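Trainee: Below you will find the structure I want to go over with you.
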Amino acid sequence: MATERYNPRDAEPRWQKTWDEAQVFTTKNDDPREKYYVLEMFPYPSGRIHMGHVRNYSLGDVVARYKRARGYNVLHPMGWDAFGMPAENAAMQNKTHPKAWTYENIATMRSQLKSMGLSLDWSREFATCDVDYYHRQQHLFIDMLEKGLVYRKQSKVNWDPVDQTVLANEQVIEGRGWRSGALVEQRELTQWFFKITDFAEDLLEALDTLDQWPEKVRLMQKNWIGRSEGMLVRWEVVAGTANASDVTVYTTRPDTLFGASFLAIAADHPLAKEAAEKSVEIAEFCDECRRAGTSLAALETAEKKGIDTGIRVRHPLDPSWELPVYVANFVLMDYGTGAIFGCPSGDQRDLDFARKYDLPVVPVVMPADGDAATFTVGDEAYDGDGVMINSRFLDGLTTEAAFQEVANRLTAQTLGNAPQGERKVNFRLRDWGISRQRYWGCPIPVIHCEVCGIVPVPKKDLPVKLPDDVTFDVPGNPLDRHATWRHVACPQCGKDARRETDTMDTFVDSSWYFARFTAPWENNPTDPKAANHWLPVDQYIGGIEHAILHLLYSRFFTRAMRETGHLDLKEPFKGLFTQGMVVHETYSKGEGTAREWIAPADLRIEEVEGQRRAFLLASNEEIKIGSIEKMSKSKKNVVDPDDIIASYGADTARFFVLSDSPPDRDVIWSESGVEGAHRFVQRTWRLISEAAERLKEVGATPAKEGDALAVSQAAHRTLKAVQGDFDKLAFNKAVARIYELVNTLAAPLQAVAAGKADTATTAALRNAVEILIQIIAPMTPHLAEECWSVLGNKGLVAHTDWPAFDEDLVVENDIVLPVQINGKKRAELTIARDASQDAVSQAALGLDAVQTALDGRTPKKIIVVPQRIVNIVV
RNA sequence: GCGGACGUGGCGAAACUGGUAGACGCAAGAGACUUAAAAUCUUUCGGAGCAAUCCGUGCGGGUUCGAGCCCCGCCGUCCGCACCA
């Protein structure tokens, strides 16, 4: 019986329409079933979806569909991270408005995502550039301002003098603006900051509770927050300045205090600025330090340099000991206190510095097994733990004990009216600067009044809307030069005042969208009842590139929103999964600057004598096959999801990105791999549709005995295994098991189609086929519906509960045990699963192959690992 | 420099808590069907050997009845952070 090939172009839109009309994926907040919130990181509407999106959303959709079948009330929403620079760049290049550009892209990408057949609740969709969304974000900002979680301070920024804007660090390439190519300047600007450091300790500690996060991500966040335990130590000034009585340094090694030979301060330290006023030389050096700050690469090789300020300080543990204070180029103003003490014997950088400026080097720590009489420090500092030497009352103590001893003394000792030292925990994490001198972002809802100062926009006056009539023909922030927008009456005194023209970093937008999805219709940022019901997100899925910033900011926002009463939980994402990239071979011709990248669509690959070679379609010219890299427009190694869906269908694309590679690893996109996935789709359809007429005649009944037992066992075992794989997001393994099942069912199904199977067998196959359909449904949902309906089943697979496997069919009664002799496999033993150890030993010894291998030797020992292996030791 | 992960066939990968290494897919070879091609089906597929068998999970050691997995020491690749006191 000939059956037509499965035609996804016909079937896929049809099922998408059916799901849509039945509102299968629209989620209600008051559904009594247990909730499950699955979320993929929402996309930036750059223009078209790429394969990374296909992978990300396929992964999430399997989870969503699977959990729905398991009886959960699943929330699976989608939105758009829609503010940001590319829209403004496009505006400058193409004279389009950022708003038009963005919403057009959203429309395109929405229809692309819909063609994938994702089980999304589109009724909750929003874009962060929707007035309704940024209105609520401004509301949040004002609440945070009132709680003291937002503040303004002067801060150094990367300033592009040509584009007249602040650049993020990532946008500065070798000291130049990435767009303008202009040398970037360091400018002091007043910027808005979120007080993320208030939560540093909590953000760090709570990482331990995130047991469903990748260890890697937790570690990266831990390092980023960078907690260190140390001391603030005050050094009395004895000469060189009248403006300060002491210098405070931060140190994690107070134990090495007797190895100190100098103090070093940052170029922006108040004492350095004072010294610079008195000395041209120092002023020049400080300027040099500031300039060097921009080029990150240069830091690696930069020489450690300094200049004596003339200031002298007294050692905190020896009043007769005076030390010099240097300005040094390696001291950072924004970590610790901007001042350190140098212990050359215990720190390589301090040692290099001391050698250069001829400062004393006194070893104070030696390895525990060292000899105090001979231990010296030459070209290499010893920064490990050990035993104290040359340190007076500390001699002989461990570094740890010395730390405690010094800490105890300095906290007890006073300088002026305050303790000389205090224990201090320091963090690497800085407050989050959110000011951007850009148009296409959420306006910061604040008014500057000459009389009243900074006045938050009253909530009743929100939203502060972006004006539409702006121009992009000159650089700089269009909000700044808008004729009227920035002029506003002060809400407090009514006098003429000025709007804040900075907009918020787009990372703010993505720091709370997951909460907004729980009640996007709400007139407040959240409906706390809905947010508390749905959150935390049970499974969050996205790229590893967001391991620090986005995930850390979201964790901060969750805490800030709790303090402002918008929700009540600590951690936003219970489970996190970081997927790998989609990578592809690269093709090029020419070398160096003349190299030209070729798109896969423009060439054909041939295999000639085992060598893969690539030729241009147009000219037959042979071109070079290069390395496998992340799909990127610049290297043209991209495959457009639209093309794949048009030629193979969404199911094939989905199945392929889930196959082969574990989802946290990169997957290599290859034409032959896609064809393999497509073969599976066609084969499954053919096997089921050809047998459908016969299968329809019987009910689905698994076989407990007879010829069809193997079929039923295979189906139920696969069901159990795939269920486990889905729970662990091991989709590549699930795919492999499904292939196995289809391979097993192929011949029996052909027999059914040919009318050569009895009723019991046919019924067992119907049961097996229904299981197969249900386990492929999360991955290839259209194919599943099509097969389900060809069997004459009523209703949708999408509405059907996950099947239960039959335990009797899953357990194996007879098992095959490998029999080893001295650890080498010599035979196989088939025996009852519950056979006693004795019975297994005897049966193993009775095997001919074993007797031959033993060759008359007597076993010394027989190891029987139940249901695993037998090892006979001679 | 610091921190982390990973090294398994021609390729992507499986392998439970230390228990038959290479499931499944791709590529490749052989064959069937076909006027031919596509599609489909059958079959082979880590290396050596006619075979029995031997060797084989980056390299060198160790623990164990038994190691891809555990321990020690190397080599390589990738990722993150990087003047953090």
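Backbone N, Cα and C define each Cβ position, glycine as well.
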Trainee: Quick test of your reading of TrEMBL: among A:43-53, A:285-295, A:417-427, A:582-592, where does it put motif ''HIGH' region'?
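Mentor: In TrEMBL, residues A:43-53 carry the label motif ''HIGH' region'.
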Trainee: Which is it, of A:175-179, A:300-304, A:630-634, A:675-679, that TrEMBL names as motif ''KMSKS' region'?
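Mentor: Spelled out, TrEMBL records motif ''KMSKS' region' over residues A:630-634, not the other listed ranges.
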Trainee: Looking only at the motif ''HIGH' region' (A:43-53), what are its DSSP counts of helix, strand and coil residues?
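Mentor: So the counts come to 3 helix, 0 strand, 8 coil.
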Trainee: Looking at A:222-410, A:429-589, A:715-837, which one has the highest count of Cβ pairs under 8 angstroms to the domain 'Aminoacyl-tRNA synthetase class Ia' (A:629-669)?
Mentor: A:429-589
Trainee: Looking only at residues six or more beyond either end of the motif ''HIGH' region' (A:43-53), which have a C-beta under 8 A from one in the stretch?
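Mentor: Contacts of the motif ''HIGH' region' (A:43-53) (Cβ under 8 Å, skipping residues fewer than 6 from its ends): 80-82, 84, 86, 102, 105-106, 108-109, 112-113, 127, 543, 581-582, 631, 638-642, 657, 669.
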Trainee: Compile a sequence-ordered list of residues in the same chain as A:Lys633 (ATP binding site), six or more apart from it, whose Cβ lies below 8 A from its Cβ; state 'none' when nothing qualifies.
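Mentor: Listed in sequence order, there are none.
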Trainee: For a three-state summary based on DSSP, what are the helix, strand and coil counts in the domain 'Aminoacyl-tRNA synthetase class Ia' (A:629-669)?
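Mentor: The counts are 16 helix, 4 strand, 21 coil.
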Trainee: Where DSSP helix means H, G or I and strand means E or B, what are the helix, strand and coil counts for the domain 'Methionyl/Leucyl tRNA synthetase' (A:38-172)?
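Mentor: Looking at the domain 'Methionyl/Leucyl tRNA synthetase' (A:38-172) with DSSP, the answer is 68 helix, 23 strand, 44 coil.
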